Amino acid sequence: MRIVLLGAPGAGKGTQAQFIMEKHGIPQISTGDMLRAAIKAGTELGLKAKAVMDAGQLVSDDIIIGLVKERIAQPDCANGFLLDGFPRTIPQAQAMKDAGVAVDFVLEFDVPDEEIVKRMSGRRVHSGSGRTYHVVFNPPKVEGKDDVTGEDLVIRADDEETTVRKRLDVYHQQTAPLIGFYGKEAEAGNTRYVKIDGTQPVDLVSKQLATILG
C-alpha cells in the first residue's frame, strides 16, 4: 500500500499518518529524514546532497527521487510506505512516475484556509515542558497560563497568523496543482484519489480512512 498525503500545513495529516502507520505497519517517509540518513551513511547520493547543501543550494529533484527509490527498496517498505511532504510539485510527481514509483492512494486532506489559520494561530505552548493548548479547542484553566506551573504560555513563531498565511500561500502555489495531476492519474486508473473533509473530528477521519484503505 503506497500512499501520498496531500494537504496544507495544519490540515491534520500528521495525526492521520500516525494512525495509518500503526494500522497497516508501513513506514512514513520524510525527505528530511532520508537526506539526513543518506548524508550520515555517506552514500553516493548522500555525498552529492551534502555538497549541494553545503553550498547553500536546494537539493535537486533527481537526488531526492534517487533517495526515495533507495529508501522504498528497503525491507520495511515491502508492504508499502507513506509519503508526506513529497512530492510537492508537478515536476517531482512526474519524475517519481517516470522513475517507476507507483502510488496506490492519494489522500487529500481538505480544510479551508480560515479554519487552518484558526487552528494554528490559536495554539499556545508552555516553553519549559512543551505542553500545548488551544484557545478554542483545548484552553488552559487560566487564560494564557500553563495548567501545571502557572507560567506564561507563548505563541510559537510558526503559529503566528502572518507566518501561517505565508505557508498557505506557498502551498497553494506549489502543491495545490498536484491535486489536478493526481486527479488525472486517477481517471487513467493509475491511482485512487480520495478527498477527505479534514474539518471532521479526528476519530471520524480515522474511521473514514480505515474504510477507504481496508
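Cβ atoms here come from the backbone N, Cα and C positions, even for glycine.
Around the Cβ of Arg123 (ATP binding site), 20 further Cβ atoms fall within 10 Å across all displayed protein chains. Annotated ATP binding site per Swiss-Prot: Gly10, Ala11, Gly12, Lys13, Gly14, Thr15, Arg123, Thr132, Tyr133, Gln200, in sequence order.
The AMP binding site annotation in Swiss-Prot covers Thr31, Arg36, Gln57, Leu58, Val59, Gly85, Phe86, Pro87, Arg88, Gln92, Arg156, Arg167, and the record cites sequence analysis as its basis. Within 10 Å of the C-beta of Arg88 (AMP binding site) there are 17 other C-beta atoms, taking all protein chains into account.
The average pLDDT the prediction assigns to the region 'NMP' (30-59) is 90. As annotated by Swiss-Prot, region 'NMP' applies to 30-59, with the evidence given as sequence analysis.
The region 'LID' annotation in Swiss-Prot covers 122-159 and rests on sequence analysis.
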Query: How many whole Å apart are the CA atoms of Arg123 (ATP binding site) and Thr31 (AMP binding site)?
result: 26
- line: One of the binding-site residues Thr31, Gln57, Val59 has its Cα closest to the Cα of Tyr133 (ATP binding site), namely Thr31
Query: How do the residues of the region 'LID' (122-159) split into helix, strand and coil according to DSSP?
result: 3 helix, 10 strand, 25 coil
